[in-house]
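Working notes for the structure below.
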């Protein structure tokens, strides 16, 4: 009788099937990305419209959680909308909208037919001398300044002056579909070519499949209001091990410095008088983090930086009877975040300067678009009902006029009629205390800025242009006409601050440097990654500089690039290079006559050596510091506050845009049925093979002992 020895290992048929399945999965994992690249064309240079929230409502845009997809239709004139809104047979549509048609009228039509609209991709227009576009409201920061129904009701809600007369309010609307900005012309051309190749029918007939489609991802986690999203985030962070925060308050840092150093650990005595020079750092537009802000912010803070440099060069600044504080507020676009926080800190003893220390307040508004030599002085009519304040304001205006008399290119003008202050940080200080203050601006009534808080408030809007044949380094040092004009305004401001601080001997010698102004304008509006900005920053901040303009949206991750660059620019322009080593610069407490309470110390990259082979780092000592610009509403957990700004930004998981070819619904259905049938057939075959494995897969005999 013959006997054989067999094993008890896995069935050979099953082992083969497992190996085959593993190979298929591995191939799918390895080849998935390459297949996706063949199907989709990603759009890498886009900017989304995101959701923002305040105490009462939400604004902005979002997609569905899985993204929104639609057939692309190019709208180059308003008549093209008919296909999208009524005639097109393949809704929903993804509208590729020419920038010039991005108006309130068109958006209202699209908003009213959301069942046929999947989303919107907006191209950049080329503004001309007669065009205008401001997605902001006509009365910016309404309700958070000094005027209300109970105080100055005749000035409340911009009753006498619509400051932003051209504002269409689009940036403060809520859209249920995604809206993206296409920033790259080449990507726009690719989309239009895809549209022309696949989506244009012959002789007015409907196009045949496959069609060119676009998919936009911008799902927002927060809904309804700041109170709702903050409450949800609070509950998550309290009770969840892995909390999912759905929104964050808009926040950053204010930049401030003193003409004469003060001990920040103890603050000022009540009898010490301080002159405040203020301006704003931030701007915004309809699209996230696209905020060039040339006229609405950059020209003003560049002018103040140049004025600070000029004033610090005066020989007798250390003997002036009053100190000067330069402040650059963040978040003013969103209901005065920075200034309201500083006032709050001053009132509660959390800032070294108190409200009672403020002698006078000079603020720079929009100053780059003077239509003549005039620079207008705006004051508050309500606080001047107090005779003492009225006299102080009169002295302030007289000092400004005297300072301007020595600069023939600038003529200081008073308003002929009683008028409210334009949107300004001064309003938040006046809410807390009657002080003498003035806002300097290039407009007497409505803004001259036709692109207020829009994507087109760029260098070209304030006439900052360069000869085409110059290199970037030559552009950096090329003094433009705008730089000269702003330098003149900076000179007037510096001389006025000098006299307000008690100076008398050197006013006429104070002169702002046009070279400084032109470098700052170039860095903030044209190319941040330049040799001068590199020299004034710390080594680990180099990545903040890009070959593009800086954007001035406050955001939620702080400090932002703008804040850092302004901080170090101000330190470079007003501070002093010391002989401290890197270790001493990082810890100056061990060095005699150096104090962290009086100064800030920064180890910066420094200029190139003579051979331009390496930089010469140095330690800069200055009085420049940062102060938190987070609305007091979030400090106090008053998320429904009407006293303080409550703006928050929704979080999101993915921001993405891509195009691809889409098949007809019929073909998709057939593909699904065939795929499902193939799956069922495969399962049946697999089952049958597995059931008959002992017959189909016979194991070979193993050699063994044979007995007879």
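Yeah, the Cβs are placed from backbone N, Cα and C, and that goes for glycine too.
Sequence annotations record features per position, and here Swiss-Prot assigns signal peptide to 1-27.
Per Swiss-Prot, the feature topological domain 'Lumenal' maps to 28-668; the stated evidence is similarity to another entry.
Around residue 44 (N-linked glycosylation site), the same-chain residues at least 6 positions away in sequence with a Cβ under 8 Å from its Cβ are 184, 187. Annotation comment: Swiss-Prot describes 44 (among others) as N-linked glycosylation site, evidence class sequence analysis.
Sequence annotations record features per position, and here Swiss-Prot assigns disulfide bond to 49-61 (among others) based on similarity to another entry. Non-local contacts of residue 49 (disulfide bond) by the CB criterion (under 8 A, 6+ apart in sequence, same chain) comprise 60, 61, 175, 178, 179, 180, 181, 218, 286, 287, 288. In three-state terms derived from DSSP, residue 49 (disulfide bond) belongs to neither a helical nor a strand segment and is classed as coil.
Secondary structure at residue 54 (N-linked glycosylation site), as computed by DSSP, is coil. The N-linked glycosylation site annotation in Swiss-Prot covers 54 (among others).
The N-linked glycosylation site annotation in Swiss-Prot covers 128 (among others). Sequence-distant neighbours of residue 128 (N-linked glycosylation site) (same chain, 6+ apart, CB under 8 A from its CB) do not exist here.
In the three-state DSSP reading, residue 139 (disulfide bond) counts as coil. According to Swiss-Prot, the feature disulfide bond maps to 139-158 (among others).
Sequence annotations record features per position, and here Swiss-Prot assigns disulfide bond to 194-212 (among others). When Cβ atoms from all protein chains are considered, those within 10 Å of residue 212 (disulfide bond) total 24, not counting its own. DSSP gives residue 212 (disulfide bond) a strand state.
The N-linked glycosylation site feature in Swiss-Prot is assigned to 203 (among others); the stated evidence is sequence analysis. Remark: residue 203 (N-linked glycosylation site) has no non-local neighbours by Cβ distance under 8 Å and separation of at least 6 in sequence.
Summarising the annotation, Swiss-Prot assigns disulfide bond to 229-247 (among others) and lists similarity to another entry as the type of evidence. The Cβ of residue 229 (disulfide bond) lies under 8 Å from the Cβ of 53, 221, 222, 223, 246, 247, 648, 650, each on the same chain and at least six residues away in sequence.
Annotation note: residue 263 (N-linked glycosylation site) sits in a coil segment as assigned by DSSP. There are 11 other Cβ atoms within 10 Å of the Cβ belonging to residue 263 (N-linked glycosylation site). Per Swiss-Prot, the feature N-linked glycosylation site maps to 263 (among others); the stated evidence is experimental evidence.
Secondary structure from DSSP puts residue 434 (N-linked glycosylation site) in coil. What Swiss-Prot records for 434 (among others) is N-linked glycosylation site, and it gives sequence analysis as the kind of evidence.
With a cut-off of 8 Å between CB atoms and residues at least 6 apart in sequence, the same chain places 480, 481, 482 near residue 463 (N-linked glycosylation site), listed in sequence order. Reduced to three states, the DSSP call for residue 463 (N-linked glycosylation site) is coil. Look at Swiss-Prot and you will find 463 (among others) tagged as N-linked glycosylation site.
According to its DSSP assignment, residue 529 (N-linked glycosylation site) is coil. Packing around residue 529 (N-linked glycosylation site) is summarised by its Cβ count: 15 other Cβ atoms lie within 10 angstroms of its Cβ, all protein chains included. Per Swiss-Prot, N-linked glycosylation site is recorded for 529 (among others), and the stated evidence type is sequence analysis.
According to DSSP, residue 561 (N-linked glycosylation site) is assigned to a helical segment. Marked as N-linked glycosylation site by Swiss-Prot: 561 (among others).
Following the DSSP three-state reduction, the secondary structure of residue 572 (N-linked glycosylation site) is helix. Residues or ranges marked as N-linked glycosylation site by Swiss-Prot: 572 (among others).
There are 20 other Cβ atoms within 10 Å of the Cβ belonging to residue 585 (disulfide bond). Nearest by CA distance to residue 434 (N-linked glycosylation site), out of the recorded positions 194, 263, 561, 579, 585, is 263. Annotation: 579 are the recorded positions among 139, 212, 529, 579, 611 whose CA atoms are within 10 angstroms of the CA of residue 619 (disulfide bond). Residue 572 (N-linked glycosylation site) sits 15 Å from residue 579 (N-linked glycosylation site), taking the C-alpha atoms as the reference points.
Ranking the glycosylation sites 561, 572, 611 by C-beta neighbours within 10 Å puts 572 at the top. Spatially, by CA atoms, the recorded positions 54, 139, 158, 212, 585 include one closest to residue 263 (N-linked glycosylation site), and that is 585.
Not a single one of the recorded positions 158, 212, 561, 611 has a C-alpha within 10 angstroms of the C-alpha of residue 579 (N-linked glycosylation site).
Residue 611 (N-linked glycosylation site) has 585 as its nearest neighbour among the recorded positions 54, 158, 561, 585, going by CA to CA distance.
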